[in-house]
Amino acid sequence: MAVLPSSSSSLELTISVPGFASSPTLLPSSSVKELDINQVPLEEDWMASNMEDEEESSNGEPPRKKLRLTKEQSRLLEESFRQNHTLNPKESLAMQLKLRPRQVEVWFQNRRARSKLKQTEMECEYLKRWFGSLTEQNRRLQREVEELRAIKVGPPTVISPHSCEPLPASTLSMCPRCERVTSTADKPPSAAATLSAKVPPTQSRQPSAAC
DNA sequence: AAGGTCAACATGAGGT
DNA sequence: ACCTCATGTTGACCTT
């Protein structure tokens, strides 16, 4: 879908290339593109072109040109963003940057979006690594439980703190959080059932009842 | 040429 | 009704 402005407001930007500025009519977009890519105007010319363009295309179809913020403009915007993620006095910053308030507004909106995207990506990465380590830990513990269950006979080594009697190895498990051996015989069945269940990360974040 | 970046825009939700 | 913001999209420009 083509994005065309609902009105011919001042939002449209055209760039006047030095040497071609005298031309009263807009060049076709293809020829403008070549000029833009190969001949970057001076910073002053950029700013001037950002501010000046209030006139409209004579043929009624204003080509949407892309504005590139100068390094100084970006630096100032970033600095302002660091101080506050929301824009309070819109006009003053715009004036300082020689941009329109709307441009500064849009920049902040986009900047917030980028910031959020970055954070989401980092969180996703973190959760992936966490899931991997939990999976590995789960595998280890399952193996350990299998081994313990295999040793059905043999001298009991754990004494129940409640009954003060030896516990059978088959009832033993390891708390994934504190990595201490606990007995399912000492706990309600619901808690014991969590060992073999696939525990989602959000649940395993909570401290185990055994601790 | 393909893919990435980013300014600009559209739209809908929520607050006043 | 208006404003602000989040989110998704578009298109110009840039990089590889």
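Heads up, the Cβ atoms here are built off N, Cα and C, so glycines get one too.
Unlike curated entries, TrEMBL annotations are predicted automatically.
The average pLDDT computed over the DNA-binding region (A:62-119) stands at 83. The DNA-binding region annotation in TrEMBL covers A:62-119.
The compositional bias 'Acidic residues' annotation in TrEMBL covers A:44-58.
Here TrEMBL flags A:201-211 as compositional bias 'Polar residues'.
Feature annotation from TrEMBL assigns domain 'Homeobox' to A:60-118.
TrEMBL lists A:44-67 (among others) with the feature region 'Disordered'.
Per TrEMBL, the feature region 'Disordered' maps to A:181-211 (among others).
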**Prompt:** How many helix, strand and coil residues does the DNA-binding region (A:62-119) contain under DSSP?
**Reply:** 40 helix, 0 strand, 18 coil
